[in-house]
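These notes are about the structure you will find just below.
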Amino acid sequence: MTCTILVGGQWGDEGKGKCITYFCTQDKPEIIARAGVGPNAGHSVEFNGEKYGLRLTPSGFFNKEARLLIGAGVLVNPEVFEHELEYLSKYAVEGRTFMDANCAIITDKHTKQDKDSAYLSKKIGTTGSGCGPANADRINRTIDYAKDVPELEKYITDVPSEINKAIDEGKDVFIEGSQGFGLSLYYGTYPYVTSKDTCASTAAADVGVGPTKVDEVIVIFKSYITRVGEGPFPTEISPEEAEKMGIEEYGVVTGRKRRVGLFDKDFAKRSCMINGATQIALTCIDRLYPECAKVNKYEDLSQEARDYIEDIEENVGVPITIISTGPDLADTIDLRNEKLN
């Protein structure tokens, strides 16, 4: 039984939703915990032919046996939280979705400040979700916590106690981060970053898990890179080149068109170093090599695709254990047994 953390290795939009869905289907963790900044990041999840866009609820919600927890490090907008409970009602998330008492609360004041700031909205490219101003208030110790909001009382639990008890009992725990390494307040392309760190160590702290309790850190990369908003992007290609490659993507929260670039092995190596990666999940290989769409055996990938994957693995120095070849759960090559045992 393991405690696993999954975080993004680039600038977000790496395909965390699909991979989390896969892990939570295959491994069936008893607890799925949400770490990260807050509702400024969207996870796209496809399950049973339906697509969901989530901003707070853990992406493994479809596993009806799992408890879904939101760690104290995560900012909560009660309106977004309530909306997602209703939105996902067919999966019986009510009664098994809880947040820590110390989650800080985003209010209309914070979202207004975010949207009204020309610096944040135009220069930095904020999503307008209120996370930056809310984290500023948190640092100044002027923000309300979930325990201060009567309407949230029935959703409050002691997240660190629940998770650590589960780990001590030998149960599987899955912790999902949000956004990506390049957006880290500490290690990203400052000032074009989010309002806190996005690395695996912070994800563990967000939910109250000490570093010695973590068994696996999976860093997820897209086979190419995308970025929403402003900021340095060394391997960026022109929209015309991206169009020739057949790549056109839009952000889940903002709807803004994503910038596109080539895979950056040096950036990936640094991302894996700082995150302490034990595994890599690589997504969207089918976008670069369309002949690999829906392949679920490594030997059935084209030689060109295999060479591409093996070159990344050799240069980054971390085993690539999961390869996504399409949006469906079946479109996955799982090499964990071969590479980790």
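Each residue, glycine too, has its Cβ placed from N, Cα and C.
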Exercise. Asp13, Glu14, Gly15, Lys16, Asn40, Ala41, Gly42, His43, Thr127, Arg141, Thr194, Arg256 bind IMP in Swiss-Prot, but which of Gln179, Gln279, Gln303 does that record place at the same site?
Worked result: Gln179
Seminar exercise, completed: CA-CA within 10 A of Lys18 (GTP binding site), subset of recorded positions Gly42, His43, Gly255, Arg256, Arg258 in residue order, equals His43
Exercise. What are the non-local neighbours of Thr325 (GTP binding site), defined as same-chain residues 6+ apart in sequence with CB under 8 A from its CB?
Worked result: Ile285, Asp286, Cys292, Ala293, Lys294, Val295, Asn296, Leu301, Asp331, Thr332, Ile333
Problem set entry | recorded positions near His43 (active site, proton donor), in sequence order, restricted to Asp13, Gly15, Arg258 and a 10 Å Cα cut-off | Asp13, Gly15
Problem set entry | Local backbone state of Arg256 (substrate binding site), from DSSP in three classes | coil
Exercise. For Lys257 (substrate binding site) and Gly15 (GTP binding site), what Cα-Cα distance in Å is obtained after rounding to a whole number?
Worked result: 16
Exercise. Of all the binding-site residues given, Lys18, Arg256, Lys257, Arg258, which residue's CB has the most CB neighbours within 10 A?
Worked result: Lys18
